[in-house]
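**Student:** Pulled from TrEMBL, these are the listed features:
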| type | residues | note |
| --- | --- | --- |
| TRANSMEM | 245-267 | transmembrane segment |
| TRANSMEM | 308-335 | transmembrane segment |
| TRANSMEM | 341-366 | transmembrane segment |
| TRANSMEM | 378-401 | transmembrane segment |
| TRANSMEM | 407-437 | transmembrane segment |
| TRANSMEM | 468-491 | transmembrane segment |
| TRANSMEM | 497-525 | transmembrane segment |
| TRANSMEM | 537-556 | transmembrane segment |
| TRANSMEM | 568-597 | transmembrane segment |
Amino acid sequence: QSVIQLFVNRLDSVESVLPYEYTAFDFCQAAGEKRPSENLGQVLFGERIEPSPYKFTFKKEEKCKPVCTKVYDTKKPEDKQKLDFLKKSMLLNYQHHWIVDNMPVTWCYDVENDQKFCNPGFPIGCFTTEKGHQKDACVINTEFRGEDTFYIFNHVDIKIFYHVVEKEAVGARLVAAKLEPKSFKHTHIDNPDCTGPPMGISNKATGEIKIAYTYSVSFQEEEKIKWASRWDYILESMPHTHIQWFSIMNSLVIVLFLSGMVAMIMLRTLHKDIARYNQMDSTEDAQEEFGWKLVHGDIFRPPRKGMLLSVFLGSGTQILIMTFVTLFFACLGFLSPANRGALMTCAVVLWVLLGTPAGYVAARFYKSFGGEKWKTNVLLTSFLCPGIVFADFFIMNLILWGEGSSAAIPFGTLVAILALWFCISVPLTFIGAYFGFKKNAIEHPVRTNQIPRQIPEQSFYTKPLPGIIMGGILPFGCIFIQLFFILNSIWSHQMYYMFGFLFLVFIILVITCSEATILLCYFHLCAEDYHWQWRSFLTSGFTAVYFLIYAIHYFFSKLQITGTASTILYFGYTMIMVLIFFLFTGTIGFFACFWFVTKIYSVVKVD
């Protein structure tokens with residue numbers, strides 16, 4: 001007879017960003033068993049999986065089996081503190097997350113339009129206000145009516161679905177585990193029968209309060225569900241896959257529109273200009289240069305703050321390759337939600353290993369901008385952007401640690417992350433930079449004049465700022481629906497599994513950023529403004545500002561987060577995402593523009 005072990009994960013809430021470990025609450029504990037080991041991604045995401053006192057024997061049904069009884073004497077301060085913590089968690093609607101055979105134990109209930117929603121967690125309890133208003137999960141039972149009362153779900157009915165496998169030696173495989181939370185005030189605590197009124201704890205209750213925890217378990221054979229598709233019922237109840245196709249079509253229309261514009265400019269204007277330009281043989285005709293060809297002597301003039309730009313490009317390249325590879329693996333199904341923490345682990349490891357391209361790109365561009373201080377360049381590439389991210393992360397961690405949350409990363413893991421950064425990433429960046437500086441500077445198709453040319457007065461549309469603000473709108477328009485799902489999966493604890501869509505959106509984002517930047521770059525060159533380097537980076541990088549505005553809107557319109565610590569954490573983590581996104585989109589814009597400028601000036605004959 002095989003024993004089925006139930007594991008418990010951290011508890012979290014939609015109304016607070018702080019998850020807590022199971023042991024932080026005064027629930028029944030499994031004595032002295034060792035915890036399953038966790039990977040880096042799980043630790044970073046605050047998952048803390050531990051064994052629970054709930055153990056079942058396969059096919060052996062239990063009815064109202066006691067687990068343990070907790071007694072609180074409100075006169076004792078430590079008991080009162082434990083009870084208050086439980087009450088506060090019920091008020092904030094904290095959810096249990098239980099795991100059987102690496103599957104979440106779900107609580108399925110009907111929502112509007114006769115659809116079933118399967119929640120991969122269930123609440124600790126619920127609260128009825130002084131006016132008798134039933135909050136959150138209290139609506140499931142008409143008996144939860146006591147005013148100013150907490151109802152704790154101290155009983156669970158667990159149903160385990162299995163699928164018999166004939167061919168193999170294994171007798172059966174578990175394909176789903178569902179439960180229903182219930183509340184009973186057990187009259188005979190030593191011999192509970194799971195009937196009678198719910199376990200209400202009045203807010204004003206004093207004296208001795210006993211909470212008895214019990215469970216019932218039943219087994220049901222399920223022939224239709226195969227083991228491979230056992231996650232489907234959870235994912236199907238997650239909201240709105242059909243919106244995705246709509247958003248993809250929407251994005252594709254934007255891309256086609258931009259591609260048409262870019263192609264038109266390339267063919268019509270450039271082709272005509274170049275043909276006319278290359279036909280002039282006599283020097284007097286050369287007086288009639290106009291538009292973008294006038295600036296050929298200044299187009300490759302090094303930008304101001306070239307050091308910073310080259311460092312950003314290095315870090316951006318690192319993020320770009322990391323995102324591409326991670327999403328590619330996720331598309332192939334290596335990083336599914338069943339494989340806990342794999343996505344984050346994969347991203348972190350890739351980022352560490354991609355130090356070499358970062359150092360190489362930063363060094364190549366810094367050298368082509370005529371920079372001499374190569375040591376400063378390498379050090380900044382290794383430490384500037386990762387340092388900002390780490391500092392932000394560290395401050396957030398201090399807040400979590402101060403709040404006693406399970407998401408606070410243990411000291412050992414922090415040391416491990418620093419070791420990965422200093423001992424692997426930094427040396428790799430140095431190697432990349434060494435090869436980057438050893439190569440000759442990038443060859444430009446036209447020579448740069450000694451004296452910089454005067455830039456004429458610009459109209460409103462070709463001034464840098466309006467162009468930069470316009471440049472971010474289109475790429476953002478392509479991604480904002482996906483962004484909603486990603487933010488939901490991070491903050492509303494829903495599962496994100498649509499990596500195919502995400503990969504498609506990623507490709508569309510790269511194309512849109514490139515095309516929007518090239519278009520604007522061309523207009524600026526026609527207006528004889530040759531400062532394209534920083535502007536191309538900022539034009540597509542401005543998408544990150546729209547991302548930030550969207551995240552603020554999402555916080556106020558969609559989330560019910562309360563409390564200062566939670567708010568600080570939300571914005572702290574959002575800033576990390578915004579910075580990464582800025583480097584990522586900015587780098588795409590710069591490379592697109594660099595390719596475009598090199599292309600068009602290499603076909604012009606210059607005496």
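Cβ coordinates are placed from backbone N, Cα and C, and glycine is handled just like the others.
Note that TrEMBL annotation is computational and uncurated.
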**Student:** Hey, which bits of the same chain come close to the transmembrane segment (341-366), Cβ under 8 Å, at least six residues off its ends?
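**Tutor:** Same-chain contacts beyond the ends: 38-45, 47, 306-307, 309-311, 313-315, 317-319, 321-322, 325-326, 329-330, 334-335, 374, 377-378, 380-382, 417, 420-421, 424-437, 439, 441-442.
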**Student:** Sort out for me which stretch, of 245-267, 308-335, 407-437, 537-556, 568-597, has the most Cβ pairs below 8 angstroms to the transmembrane segment (378-401).
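**Tutor:** Per the Cβ count, the answer is 407-437.
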**Student:** If you count every Cβ pair below 8 Å, which range out of 407-437, 497-525, 537-556 shares the most with the transmembrane segment (308-335)?
**Tutor:** 497-525
**Student:** Using a Cβ-Cβ cut-off of under 8 Å, list the residues of the same chain that are 6+ residues beyond the ends of the transmembrane segment (537-556) and lie near it.
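**Tutor:** Same-chain residues near the transmembrane segment (537-556) but 6 or more away: 309, 312-313, 464, 467-469, 471-473, 475-476, 479-480, 483-484, 487, 491, 513-514, 516-517, 520-521, 567, 570-571, 574, 577-579, 581-583, 585-590, 592.
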**Student:** Under 8 angstroms, Cβ to Cβ: which one of 407-437, 468-491, 497-525, 568-597 has the largest number of such pairs with the transmembrane segment (245-267)?
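**Tutor:** Most Cβ pairs under 8 Å with the transmembrane segment (245-267) come from 497-525.
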